[in-house]
Amino acid sequence: MKHRIQHIHFVGVGGSGMSGIAEVLLNLGYTISGSDLNESAVTRRLAELGMRIAIGHDRANVAGAGAIVTSTAVAGDNPEVLAARAARIPVVPRAVMLAELMRLKRGIAVAGTHGKTTTTSLVASVLAAGGLDPTFVIGGRLTSAGANARLGQGEYIVVEADESDASFLNLLPVMAIVTNIDADHMDTYGHDVARLKSAFIEFTQRLPFYGSAILCADDANVREIMPFVSRPITTYGLSPDAQVCAQDVQADGTRMRFTVQRRDRDVVLPALQVELNLPGLHNVRNALAAIAVATELGVDDAAIREALAAFKGVGRRFTQWGDLPVPAAHGGGIFTLVDDYGHHPVEMAATLAAARGAWPQRRIVLAFQPHRYTRTRDCFEDFVRVLGSADGVLLTEVYAAGEAPLVAADGRALSRALRVAGKVEPVFVEDVGELPQAILDFVRDGDVVVVMGAGSISKTPALVGELA
């Protein structure tokens, strides 16, 4: 990719998708600068790597850049974008830059409404264990690598493919995974599920004729698009007809044990005994996708088993903060704290089911910050249903993510609906800054507290730890 452009500037470099691309380009020898509205652990790390990082957006930040990269979170009237356009500096969408990176290697792209980050991480980990030394760009921090991106020396690059803005249609992988298709980010698709499915079909059609589509057989919407996928398909899941199928699945604390039966067309491969260092059936499916990729690429079974058993997880995906003391005023004892990024009812239900499977005799308490008013509105009844499945609920105001408030879909409305449903009495905490103390006021000995959401609630577990 070496050419006349040597300096690339990232507007919003602290974002998970942006920071990974910036890091890989830096390791390829480019001069990288970036700006973000807020300082964070991500921006500090990028600065330590050698990037020039500015906090705040200013026209002067683009000086000397040959191109600037933006995400969909960056508005068109951003001063750095305006300065670049005025100076005829190319303004490149994040997905287009990711597509350019993928042209350097053989791309494996992971798409789907839920499970992308974990599945991408599992694929990268299994390929690394198999000696393929992949490059990866992930939407979360891979714990074993301490980063969400790495430049490998092998021929493969593993990336997350983002359907939220349809930008995954810029990518040209040789292998494409689709974990599931669910109604989320529907503004992009005109609130038309058929258009959403068509986008996923188009995503698979961008594979070359020798490419491979790895599709989850357990998802009804994925099954519906299969007849329209014209590339070779490998199916995976718990369904008996899946080519890569998990059987005899058992939960063992926060680990899962299962047997994988594999069929390569008409050839039956040896069964694979797997111990996965993640909880929940949803993670069994994520692991099956990685096994399907690894099997197709010839990774040794022993390496697959080793990688899955030793997998250390991804930041904010069922991250266990450990056991903390219950205040003496509430009887003392300990409670277990878990942090999770889930913000859609389907993701939340899967995580809560995993928690129940891991700790079947304990009370599951959910501390949740809804993310976006439009999602809360569109999935309102589903949120009420999944929140009602917890034994205790602490609910904050909606994290707006730039949206205007909707009174009928705010935190209070959700709390009222949950109370009327009668399954659980919620504690409404309007200010998320007060949530850590509210959690400590609520917990009792033996509780498992799952802190969940995609917004500012991410700071809560550390604050609970400090207060406890």
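Using N, Cα and C of the backbone, Cβ positions are placed for all residues, glycine too.
A quick note: this is a predicted structure, and the numbers were derived from the prediction, not measured.
Here Swiss-Prot flags Gly112, Thr113, His114, Gly115, Lys116, Thr117, Thr118 as ATP binding site.
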Just how many other Cβ atoms lie inside 10 Å of the Cβ on Thr117 (ATP binding site)? 23
Rank the binding-site residues Thr113, Thr118 by the number of other Cβ atoms within 10 Å of each Cβ, and give the residue at the low end. Thr113
Which residues, same chain and not among Gly112, Thr113, His114, Gly115, Lys116, Thr117, Thr118, have a CB within 8 angstroms of the centroid of the CB atoms at the recorded ATP site? Val110, Thr119, Thr179, Asn180, Asn286
How would DSSP class Gly115 (ATP binding site) in three states? coil
Cβ distance under 8 Å to Gly115 (ATP binding site), same chain, sequence separation 6 or more: which residues? Thr179, Asn180, His282, Arg285, Asn286
Sort out for me which one of His114, Lys116 has the most neighbouring CB atoms within 10 A, since those are the binding-site residues we care about. Lys116
Taking the Cβ of Gly112 (ATP binding site) as the centre, how many other Cβ atoms fall within a 10 Å radius? 25
